[in-house]
Amino acid sequence: MSSEVKSRWSGSGSQKSGTARKPTMLEMAENAASRHYEPVPLPLQRSNSPDSSTDKNPESRAADSRAEVIINPDIPPKAIALPLSRYRGRNPFFSKVNIQGRTYNFLERPTGWKCFIYHFTVFLIVLVCLIFSVMSTIEQYHYFANRALVWMEIVLVVFFGTEYIVRLWSAGCRSKYVGFWGRLRFARKPISIIDLIVVVASVIVLCVGSNGQVFATSAIRGIRFLQILRMLHVDRQGGTWRLLGSVVFIHRQELITTLYIGFLGLIFSSYFVYLAEKDAVDDSGSQQFGSYADALWWGVVTVTTIGYGDKVPQTWIGRTIASCFSVFAISFFALPAGILGSGFALKVQQKQRQKHFNRQIPAAASLIQTSWRCHAAENHESATWKMYVRQPTKFYVASPSPKTKKSVGKRKKLKTDKDNGLNSEKSLNVPNITYDHVVDKDDRKFENSNIDGYDSSVKKSLGILDVNSGALSRANSYADDLDFIEGEPVLAPITHVSQLRESHRVTVKVIRRMQYFVAKKKFQQARKPYDVRDVIEQYSQGHLNLMVRIKELQRRLDQSLGKPTMFLSVSEKSQDRGKNTIGARLNRVEEKFVHMDQKLNTITDMLHHLVAHQQGHPHPQTQPQAQGTVVQAVASTHSSLPSYEQLTVRRKDQDNQPDL
């Protein structure tokens, strides 16, 4: 190969010796021997003689048809670290929309330790500024606090102003805040209005201040108190106020009731104390309850358990009234605190339950997925097994052209399937199945390039490459290359569902069944209650539901079967006859059977009398008695029974005897 390359270089040099021009980069790239492409002859052109491939000169090999070329896996392909845009040649991580969205999430939706550090630092700065504002009102620290506060105010105004502009710009990542009107909608939010007021107030304070002092006049001191609104800057999303509002809304009825009754107690206690103490004079000679307003002030201070002690009842009547109403009113004024405390506790418990429930969602989804995969593994559809099939990675090179300049522009293109390719393997987390194949040592080079339709070759002309065939190997993956280097048998990947053997399918079924049991165990662990009180509540709720179901079942049984007759009185039995229950029907059937038994006994007695009358000759005096008994028995029977005349059979001798 080196001699051929040298001759080619010498030939090109002899043609251009007159100009003494150096070979261009294109010519060097064309004539250089490639270590990544090695030609493989077609099956029809293979010969058993070892010298058949060496006898051909470069011209004859150039005239041959195309040969398949296998990529040498000496240099494994490397994945790009940063994903590039599909339509641009740059990273979308640094695009405008991405930066805008990340900034908006960082400022408006803080999550993570970085956001926590930033917002906590802002809170500390605002708190320090508020402390210096308080110190500026003290005469001892007035000078020092004012000088430090001037520079702190300048820094904070610049910081909050810049942050407000950045917030306004980053809000454009959301559809409802796009454009001028969208930004105006964002600026009309309550927290944005507070930020704007804080920035404007700080600018006014700094501009109007004189001699380097922030608080020059009383008007500026009034504006300075607007800086307290900076403390609201910490809670951007208003989660604190939403939580408080939700608790108050849930317990609104209880709060309104307690406040209403407490207010009534305050009014009545203040009025009665005023009536008892309006003429009383203390030791200094002044009236402490000279008006109803003084009595109301005393009532508010008393029922709220503050007790300043500036107004005290002087008479025993007033003290008695005050003590009685205080016990009643204080109890109602203390109830809202307990109601709100219990509401916050229930809210925290509800959030914990929600977190516990959210942990069950992935476990339930995994259980459903694994159970469905176990069910799908039992059928023989090809879609069930496609996820275990690896599509071949194909490399293509453009067809050769007579022009040398165009041949340099040929590049290989990586083509992967989106569903079963290399990129989707990480998301599916499904291993690729390989199988063994036996080839001869002499034919390994050719068989490895055409295993069950596995096409990883690049078709290119031998005349252009013009290199000797060397050791060939598959360009499947880096792990396969290592296995091939170590001398282990090469496993070709499964590229079609038909190549899956029964052992593969059984293995997949076993793995899926194991995954199902693991997912089931995780779901059962996620379903376990996290507190003993929840266990008690769960058991009590289950017991209550069981009792309700038992009562419902008993009601339905009583409605369908009826109550047992042994527990019913005669009057209840008579009332139960008209009902269409199974018990009432059984009672009526029993009565019918008793009646039928009586009728059958009567019929049997009548038949016995008839048989005895036909066989014997009873005494004439007893015959009318017997006939009367039969007639009486017949009369006592139901009207539907046959009469005595129908049952009586006349004898033949009586028929033949003439009438006297």
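We count from 1, first residue shown onward.
Glycine is treated like the rest: Cβ placed from N, Cα and C.
Annotated in Swiss-Prot:
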type	residues	note
COILED	579-615	coiled coil
COMPBIAS	403-415	compositional bias 'Basic residues'
REGION	1-67	region 'Disordered'
REGION	399-426	region 'Disordered'
TOPO_DOM	1-113	topological domain 'Cytoplasmic'
TOPO_DOM	136-146	topological domain 'Extracellular'
TOPO_DOM	170-185	topological domain 'Cytoplasmic'
TOPO_DOM	212-219	topological domain 'Extracellular'
TOPO_DOM	236-253	topological domain 'Cytoplasmic'
TOPO_DOM	277-292	topological domain 'Extracellular'
TOPO_DOM	342-660	topological domain 'Cytoplasmic'
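As a summary of secondary structure, the topological domain 'Cytoplasmic' (236-253) carries 14 helix, 0 strand, 4 coil according to DSSP. Sequence-distant contacts of the topological domain 'Cytoplasmic' (236-253) (same chain, at least 6 residues past either end, Cβ-Cβ under 8 Å): 107-110, 190-191, 339-340, 342-344, 347. Under 8 Å from some Cβ of the topological domain 'Cytoplasmic' (170-185) lie the Cβ atoms of residues 97, 100-101, 103-104, 107-108, all in the same chain and six or more residues away from its ends. A Cβ distance under 8 Å defines the sequence-distant neighbours of the topological domain 'Extracellular' (277-292), meaning residues of its chain 6+ beyond its ends; these are 270-271, 298, 311-315, 318.
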